[in-house]
Amino acid sequence: MAQINPPAPSDSQRRTCQVSPSILSADFARLAEEAEAVRGADWLHVDVMDNHFVPNLTLGVPVVESLARATRTPLDCHLMIEQPDRWAPQYVEAGAGSVTFHAEAAAAPVRLAREIRAKGARASMALRPATPIEQYEDLLPELDMILIMTVEPGFGGQAFLDIMLSKIRRTRELISKHGLDLWLQVDGGVSADTIERCAEAGADVFVAGSAVYGAADPAEAVRSLRAQAEAATVGAPWACAH
Ligand code: DX5
Ligand code: ZN
């Protein structure tokens, strides 16, 4: 299937802090309009759930294909599914600009990340709250983004787990220690109340579902969250590098 969705922004084009609104909090009967409602967002976060890896079921490849045709915002697909080794490449073919698989579900994360990159998308790996970052230190150069979950995956609208802040900090330290150009995404309970703490701890890509789609003006909520994160990271070494 031809990729109609535009390619992911190059590192020189990207902003210091990026916001990726999650359509999990949008109206699934009006996805094209809901994508349009957050025009100006850096990414559109698409939560794929299979009712096995998480106790919830959302959407799959055909919906991602249609969404990629319906919006010019690059798609950031977060796969909360078993057997990502088998399915993730199909999401690249469907038009995703970034594909995130879970470390806990991948059988061969290095091979999978290489396959995602070879097919033309950014490769990203997610960690559930109980999964430590340290055991993945050697894999980080294989990735374009690491996702630190700040809730147990499965549902939107959950409370932010501030016990994850130290993991975000340790992840940023590992990225700096190895001199990597690796994005650090946070997902779950990110809002005007929590985004600054995430940014100060070292996150630079922020997923927000209810904080964006629950707002009266979702596009304005994206801009406001991004401005808050940027203000919180002025002077941070990773923010100044770009
Ligand atoms: C949860 C999903 C999140 C979810 C976030 O498992 O991965 O992307 O949509 O929703 P909020 O921002 O409402 O916590
Ligand atoms: Zn997500």
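Using N, Cα and C of the backbone, Cβ positions are placed for all residues, glycine too.
What TrEMBL records for this protein:
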- Asp47: active site, proton acceptor (ACT_SITE)
- Asp187: active site, proton donor (ACT_SITE)
- Ser22, His78, Gly154, Phe155, Gly156, Gly157, Asp187, Gly188, Gly189, Gly209, Ser210: substrate binding site (BINDING)
- His45, Asp47, His78, Asp187: divalent metal cation binding site (BINDING)
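Shown on the structure are the features that TrEMBL records.
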residue	record	Cβ neighbours (10 Å)
Ser22	substrate binding site	25
His45	divalent metal cation binding site	28
Asp47	active site, proton acceptor	25
His78	divalent metal cation binding site	28
Gly154	substrate binding site	17
Gly156	substrate binding site	21
Asp187	active site, proton donor	26
Gly189	substrate binding site	25
Ser210	substrate binding site	16
The residue listed as 'active site, proton acceptor' versus recorded positions His78, Asp187, Gly189 - nearest by Cα: His78
Distance-selected recorded positions near ligand 2 (C-beta under 6 Å), from Asp47, His78, Gly154, Gly156, Asp187, Ser210: Asp47, His78, Asp187
Spatial separation of Ser22 (substrate binding site) from His78 (divalent metal cation binding site) - C-alpha basis, Å: 10
Inter-residue Cα distance where the pair is Gly189 (substrate binding site) and His45 (divalent metal cation binding site), in Å: 14
Ser210 (substrate binding site) to Asp187 (active site, proton donor) - Cα separation in whole Å: 11
DSSP three-state assignment (helix, strand or coil) for Gly154 (substrate binding site): coil
Separation of alpha carbons, the residue listed as 'active site, proton donor' and Gly154 (substrate binding site) (Å): 11
For substrate, whose listed binding residues are Ser22, His78, Gly154, Phe155, Gly156, Gly157, Asp187, Gly188, Gly189, Gly209, Ser210, the greatest C-alpha pairwise distance in Å: 16
Additional residues surrounding substrate, by Cβ distance to the Ser22, His78, Gly154, Phe155, Gly156, Gly157, Asp187, Gly188, Gly189, Gly209, Ser210 centre under 8 Å: Leu24, Ser25, Asp47, Val151, Pro153, Gln158, Val207
Assigned element (helix, strand, coil) containing Ser22 (substrate binding site), judged by DSSP: strand
